[in-house]
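Asker: So Swiss-Prot has the following annotated:
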BINDING   Gly59, Thr60, Thr94, Asn121, Asn144  GTP binding site
ACT_SITE  Glu170  active site
SITE      Tyr364  site 'Involved in polymerization'
Amino acid sequence: LFHPEQLISGKEDAANNFARGHYTVGKEIVDLCLDRVRKLSDNCTGLQGFLVFNAVGGGTGSGLGSLLLERLSVDYGKKSKLGFTIYPSPQVSTAVVEPYNSVLSTHSLLEHTDVAVLLDNEAIYDICRRSLLDIERPTYTNLNRLVSQIISSLTTSLRFDGALNVDVTEFQTNLVPYPRIHFMLSSYAPVISAAKAYHEQLSVPEITNAVFEPSSMMAKCDPRHGKYMACCLMYRGDVVPKDVNAAVATIKTKRTVQFVDWCPTGFKCGINYQPPSVVPGGDLAKVQRAVCMISNNTAVAEVFSRIDHKFDLMYAKLAFVHWYVGEGMEEGEFSEAREDLAALEKDYEEVAAEGVDEPEGDDY
């Protein structure tokens, strides 16, 4: 599946330290990475863009991830970059300095990705436990299988034939109203185990309703607290446009799904005839049809404000900051990244409120 020449590994880890991943260890390995990317891109006839997967809680994902994105922007300026980023969860934490790493990393995600899909382990754990999968103690493999379904749905239209195919740049066009407002929520349905799939009726309206459920969101964030700006529904399998239109019409009448008033249509639908495939012996049932939703909702700001709050508590005491400065970072970078995120939260507030009264001074 992966050519061994394209697998790059390092000998040391970034010790949960953004500065180490970005400046110390990252600097040594990033040229090798870009060299391999260049070889691959030279073989492409029409390079469309990059999919970047990282987690921003640790040091390597945040530091090296940011560095790589920055360098890709330099080398391939116009190509689109889609990020799938795992953010720290509200309750489940893997490192003390997660808030620092996330804030520093989001600073470059803001500038160097065109669309970023936010994921968080806790939300996906809950989906595994609570949904029809009933996995008592989900492992990372279980989580990854769910995430991979979403990613697979996003790229199906590049790989197979369908009635309404959606290519990668189309996501950007339809989902991003302003360049900075590009952090997406994702959800997938049906998440159902093989044992239960036999007696469940999984019609198009049913799976469409399911992806709008707050409990289906792959990041801990309640879409009912915000408004939708746009959403992309990718159906795959046995689905016809008539059913999709009917299902979308029903969603539009629901009080719980609110759209911003400056975006009246808000839905982009794609249909692909290739039914979803599953890992043999995996948790998910083989189903006739499935849908994946990527949505731009103002409630995503909750994810950022949670991290910012934790960041502020530690930074007020300058706790752990010396580890970062010791690896060649400047203290000013902390406040710069934090201000950038504060501005982002403000951007989301304004977007949600626009139309009620026009904000003074146009930032865009």
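Glycine residues also receive a Cβ, built from the backbone N, Cα and C atoms like all the rest.
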Asker: Cα of Thr94 (GTP binding site) to Cα of the residue listed as 'active site': how many Å, rounded?
Answerer: 35
Asker: List, in sequence order, the same-chain residues at least six positions removed whose CB sits under 8 Å from that of the residue listed as 'active site'?
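Answerer: Long-range Cβ contacts: Lys268.
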Asker: Can you check what DSSP calls Thr60 (GTP binding site), collapsed to helix, strand or coil?
Answerer: helix
Asker: So which of the binding-site residues is most packed in, judged by how many other Cβ atoms lie within 10 Å of its Cβ, out of Thr60, Asn144?
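Answerer: Going through Thr60, Asn144 one by one, the largest Cβ count within 10 Å is at Thr60.
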Asker: Have a look around Gly59 (GTP binding site) and count the other CB atoms within 10 A of its CB, chains all included.
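Answerer: Gly59 (GTP binding site): 29 neighbouring Cβ atoms within 10 Å.
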Asker: Long-range same-chain neighbours of Asn121 (GTP binding site), Cβ under 8 Å, sequence gap at least 6?
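Answerer: In sequence order, Ile86, Ser89, Val92, Leu143 meet the Cβ cut-off.
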Asker: List nothing but the largest Cα to Cα distance in Å, as a whole number, among the residues Gly59, Thr60, Thr94, Asn121, Asn144 that the record says bind GTP.
Answerer: 20
